[in-house]
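Participant: Relevant sequence annotations retrieved from TrEMBL are reproduced here:
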- 72-260: domain 'ABC transmembrane type-1' (DOMAIN)
- 21-43: transmembrane segment (TRANSMEM)
- 76-98: transmembrane segment (TRANSMEM)
- 110-134: transmembrane segment (TRANSMEM)
- 140-160: transmembrane segment (TRANSMEM)
- 193-217: transmembrane segment (TRANSMEM)
- 244-266: transmembrane segment (TRANSMEM)
């Protein structure tokens, strides 16, 4: 039994406590990001908060830094290729799980998504050993493969439920009208599951663009993504450029969220 005094206190102050905790959690999540963003405009090279003056100098230096720009383009190349491969494989996998009945179906779903909770270092070491066994050297394509391994569980986690929610009677009706399996998938199933596929792809791209651990293990010296470049910068000196790179990561993440919302809204409009 809850003491009456505590119960009365919760009744009177429950709303204020709930809202206070909510804003405390939001502050915990966003204040560090806000500080990094603010410090990216600080004029002083020393990372002292709050900054006395503001400038765009570090953004100009970042844009004029060939090594940093090369790292951005390398990250974009890896992320785009890995995302395309991930979306195709995760969609095929999700289609098979949703469409067909076979022994161990639930176990397969668990196995596909289980790598999400496996420590990144463990899988990173495993990838190095795997590439060594099959005589594949480290480099750009080993990074792409590692990113596909990293992102498939996340994409599948979104696409599988989307596939399972699809109304199978729509396919049956299309087949009754003479459509073959390919026509049914392209014209009936795909338009209905497309938002889930796009969401899975955007999540895969964001994770790949920000991935450090897998990249660190399987890259060569010529393959430097933006997270690796950032790591190399902060190992010796935390320069203001580090804050600018952090803002770049933030902009990519926010951009993916806005793109997902835009695609979802367009899909809702076209479905009306």
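The backbone N, Cα and C atoms fix where each Cβ goes, glycine too.
Just so you know, TrEMBL annotations are computer predictions that nobody has curated.
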Participant: Which sequence-distant residues neighbour the transmembrane segment (76-98)? Criterion: at least 6 residues beyond either end, Cβ under 8 Å.
Facilitator: 105, 108-109, 112, 140, 143-144, 147-148, 151-152, 155-156, 159-160, 162-164, 166, 185, 197, 200-201, 204-205, 208-209, 215, 225
Participant: Please indicate, using numbers and ranges, the residues of the same chain that are 6 or more beyond the transmembrane segment (21-43) and have a C-beta under 8 Å from a C-beta there.
Facilitator: 49-59, 240, 243-244, 246-247, 250
